[in-house]
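Annotated features in TrEMBL:
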- 85-118: repeat 'TPR' (REPEAT)
- 200-233: repeat 'TPR' (REPEAT)
- 372-438: domain 'J' (DOMAIN)
Amino acid sequence: MLKTLSLSWAFNSMAWRGLLYTVFILHFVLVCQLLLLQPLVSALDGKPGNAAELFESVSQNIKVKRYSEALNDLNAAIETDPALSEAYFHRASILRQLCRYEESEKSYKKFLELKPGNSIGEKELSQLRQAQSALETAFSLFDSRDHTKGLEYLDKVVLVFSPACSKAKILKAKLLLAAKYYSSVISETGFILKEDENNLEALLLRGQAYYYLADHDVAQRHYQKGLRLDPEHSELKKAYFGLKNLLKKTKSAEDNVNKGKLRLAVEDYKGALALDPDHLAYNVHLHLGLCKVLVKLGRGKDASISCSEALNIDGELLEALVQRGEAKLLTEDWEGAVDDLKSAAQKSPQDMNIREALMRAEKALKMSKRKDWYKILGVSKTSSVAEIKRAYKKLALQWHPDKNVDNREEAEAQFREIAAAYEVLGDDEKRAKYDRGEDIEDMGMGGGGFNPFGGGFGFNF
């Protein structure tokens, strides 16, 4: 019996202690709530000093861009006192800055219900509607590719009234990228990533800007970071694997050049260029690489086109100018070759290789302006002396003025050409000089040493 009473007392003692502990915890929680909500409660009690503290706290949160905390405080204040007009005003202002326009408009309207005719509230509501309309217009301009005007709407309206609008900032970066202002894209996305380092759109856009500046290593790092956060992000995957494919194609082209497999290198270069025609900062080097290979293959016309593509991107690319000059030599565009190589020599006067190429081009141009004695006699440059003599005899008989009475003037001119050609090509020494492009006196070009009609038109072999 005594034992039973002892157990009963013990259980009752524990129950009382538990009850006292529960009461203490509830009291502690209540005190904490009163302390935390004291500014709000005080505001409801008509103490403007504590309400001012609340709004000062909200203002400080906005300054450090803690918009969620500021909104939470204001929402709690409104829940406590639905008639607290200033809380609606501050909430509307924050939501406008974040371009959450529909929510913001509701808060402005509630504020104006509590404060009818308030000029500041009406003004900010008007600004909200301007910003909302401007943002919609900017998106439309982006779709229609009017990038400059789209940027104007964002900079002059949207980001003035909604400076914390993340979708406006992303849209601005997209417009800058489309307008090819790559350095500006890097700057704008840098600000976004400073606030949110895991913003996938900003990582993609920043990576694309570095890509189009041909800084592929940095671009790749941005793509990889984004894919670590979201491995299935379609645009990041497309950008990342597109870059890898481009670098793979380029390496294959360069390897084939080193192995002497020039035709395969041509196909690789063309394949790399087809991947992204807009990647100008990188394609300029692909066009140059292709041009150099085509020059080695003797395909002057195609090489000239490739080098011209490179120069259209970068008019100061010296090597492209030199290679185009070499390509024009292959197509016998002597004047074009001289022009390109002369320009290159002016840009790099100490380069002996360029000077040597220019001398070759000038010599070829000079030779091209002389009469082609081989062509006049109808023989090749490899013809023997006997073949040249036979050709001369045949043509001399054909065009002898005595045999062309009806067209004597033309025949005389042709006969002079034929005789002058034979004077040079029929003499081994003169022929050798002619083939080397050296000047030869009295070559039938107006000199006084050779006269096919000297003693009359008699003609004997």
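Just so it is clear, glycine is given a Cβ too, placed from its N, Cα and C backbone atoms.
Caution: TrEMBL annotation is automatic and unverified by curators.
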The predicted model's mean pLDDT over the domain 'J' (372-438) is 88
List, by number or range, the same-chain residues at least 6 past the repeat 'TPR' (85-118) whose CB is under 8 A from its CB atoms? 51, 55, 58, 62, 67, 70-71, 74-75, 77-78, 124-125, 127-129, 131-132, 135, 158, 161-168
Checked against DSSP, the composition of the repeat 'TPR' (85-118) is 27 helix, 0 strand, 7 coil
